[in-house]
Amino acid sequence: MSSPNNQPLSCSLRQLSISPTAPPGDVGTPGSLLSLSSSSSSNTDSSGSSLGSLSLNSNSSGSDNDSKVSSPSREIPSDPPLPRAVPTVRLGRSTSSRSRNSLNLDMKDPSEKPRRSLPTAAGQNNIGSPPTPPGPFPGGLSTDIQEKLKAFHASRSKSMPEVVNKISSPTTPIVGMGQRGSYPLPNSQLAGRLSNSPVKSPNMPESGLAKSLAAARNPLLNRPTSFNRQTRIRRAPPGKLDLSNSNPTSPVSPSSMASRRGLNIPPTLKQAVSETPFSTFSDILDAKSGTLNFKNKAVLNSEGVNFSSGSSFRINMSEIIKLEELGKGNYGVVYKALHQPTGVTMALKEIRLSLEEATFNQIIMELDILHKAVSPYIVDFYGAFFVEGSVFICMEYMDAGSMDKLYAGGIKDEGVLARTAYAVVQGLKTLKEEHNIIHRDVKPTNVLVNSNGQVKLCDFGVSGNLVASISKTNIGCQSYMAPERIRVGGPTNGVLTYTVQADVWSLGLTILEMALGAYPYPPESYTSIFAQLSAICDGDPPSLPDSFSPEARDFVNKCLNKNPSLRPDYHELANHPWLLKYQNADVDMASWAKGALKEKGEKRS
C-alpha cells in the first residue's frame, strides 16, 4: 500500500488528528491528500507494512513533511467553539491488509480510543451525568447575530412572569416546551421546578402557563368551579355531606398527612370518613367505657343498672352460672341460671345488640316496665347488666314454664282457666292503669306458671317469646292479633287500630287455645297464611264448646267480638261473673301445675 507519490505508507493508532486547515466537509474529497508516514521500523510486519503511527493530513500539497501532526489535546478551551458535526472517517484497506492483522479499535485500551469531545459547563463534572445540551442557538451563526439573539432572549425573559423566569435560562429549555432533543435536568434544578409554592409576579397577572403548572402540582385545583349547587349536590357522596364553599374548613393537625400536603379538609368530610355504624348510636352506646346510657331512663354497665328513678340493681356475670337453655325468642335466648351469692335460681335473658333503633327501644322498654311494674301477676325483676355486646336481664324463674307447654290435650278444669284468665287480666290492668302500657303480645307463651300455682305475665312487647320452647319457635303462622290490627288502613268505625281492646282479643284467643289444647285457627285448615288471616278478619269468631259453662263461653265471646268498641275493658273483665265465681272457690293451682309438669316429663321420656 503506497501514497500517490509512491512513498511507503505506515499507520499509527496512537496518534489520530484532523488538520483544521480545511473544513471537515472537505476530508476525503477530490484534491485532498491522505498521507501516511512510518515512524518506527520495529512494528513492521513480514509484508513490510508498518502499524506504528497513523496521521491524516488534509493539505493538498502532498508533502511528506506535512504528515507529522500533534496528538489531540484533552484540555477544554476557555471559550469553546460552537459544536459542529464530526464526520466519520472510514479507512479503506486492501484485500491483502484485511487478511493480515485486522485494524480493530475496540481491542485497544479504553483510554487510547478516540473520543468525541463536547463542551462542558464550568464547574460541572459530567462523569455519570447525561451530556450537556447544546446552546439555544445551534448552527453556524456569526458572533454578532448570536449576541443579538441573546439580547432579544434576555429582553423577552424580563417580560415573562416570574414563575417562568425561575425555571428557564438562556441555556436550558423549559421541560415540555423547549426544542427537540432537550436533556434531563439535574436533581437540584428539577426539585426547584417542582416546588409546591409557585411564585406569582406582583406586577403581572398569572399566565396560562403558570396556571397549568400550578394545576399539575396541586390536583385539587383541577376541580370545576362553574357548576351550580344542584350539580354539586348530585356529585356529592350520599349522606349529609355538603362540600359547598359556605362550609368553613377546620384546622388540620400539623402531624397529619393532610397538613403535610397542605390540604384543609371540611369538617363534614372528616365526619363522613370517621363515621361508623356505631356512630349513629353514640349517644346511647359508649364503647370505651362499656356503657349503655338511655337518657332519662337507665344506665347499664358490666356491674349492674342504675335507673333515673333512683333504683339500682348491682349484679354481674361473675356471680352467675348458666345451667341450661330454656328457649329462644325473637331477640334473644333465655337460660336457667344460678346466682351464686344468694343461691337464687333465676331466668337470664340475653339480648344481643344489633345496630337497629328498634332493638335499643325494646331493651329500654322492657327494663323500664320490669323495674316499675311491681305486681304479683308480673314476673319479678332482679337486675340487668351490659357486657360483651349483650344486655342480660335477670328475672324471676317460673319453674313450670309457659302455658303452651302445659295445656296438652286441653284444660278441662274451668277453675284453672278462670284463675289463669284472672291473673292475666290483673297483670294487663296494672300495666295500663299504673304505667299506661299496652302489652301488645298476649299469648300462651307469655303466660308463665310456677310449681306453686302462680300465674304471671312476661315479655312486654319487647322480645317476643321469653321462654318459648325451641319446637314452638318454628310456628310462625299463628297470629293472636286482633282483626283491626291485621287490616290495612286507618281507624275502624272511629276507633284507632290498636287500643286496649286489641289485648282483650288476644286474651280471648289465649283462653280458648288453653281450653281446646290447640290454636283456634289451625294452619292446616287453610291453604295459605293469607286465607288464615282472612278468616280472622272476615269469618265468624271461634268459641268454646258447649261442654263449658255459659259464663265461660260468654267471657270468651265478649273478648272475641269483631267490633273492638263492643269488647269489655279490664275492669269489666275482672268483675265478670265467670271470674268472680272462681275467686272464692277452692282451686288447687299448685297440684294442677305439678301434674302438668309430671305429664310433660313422661311424654319427654
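Cβ coordinates come from backbone N, Cα and C, glycine included.
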Residue carrying phosphoserine as stated in Swiss-Prot, selected out of S197, S201, S253: S253
Which candidate, of S10, S168, S547, Swiss-Prot gives the annotation phosphoserine: S168
Local Cβ density at D441 (active site, proton acceptor) - other Cβ atoms counted within 10 Å: 22
DSSP three-state assignment (helix, strand or coil) for D441 (active site, proton acceptor): coil
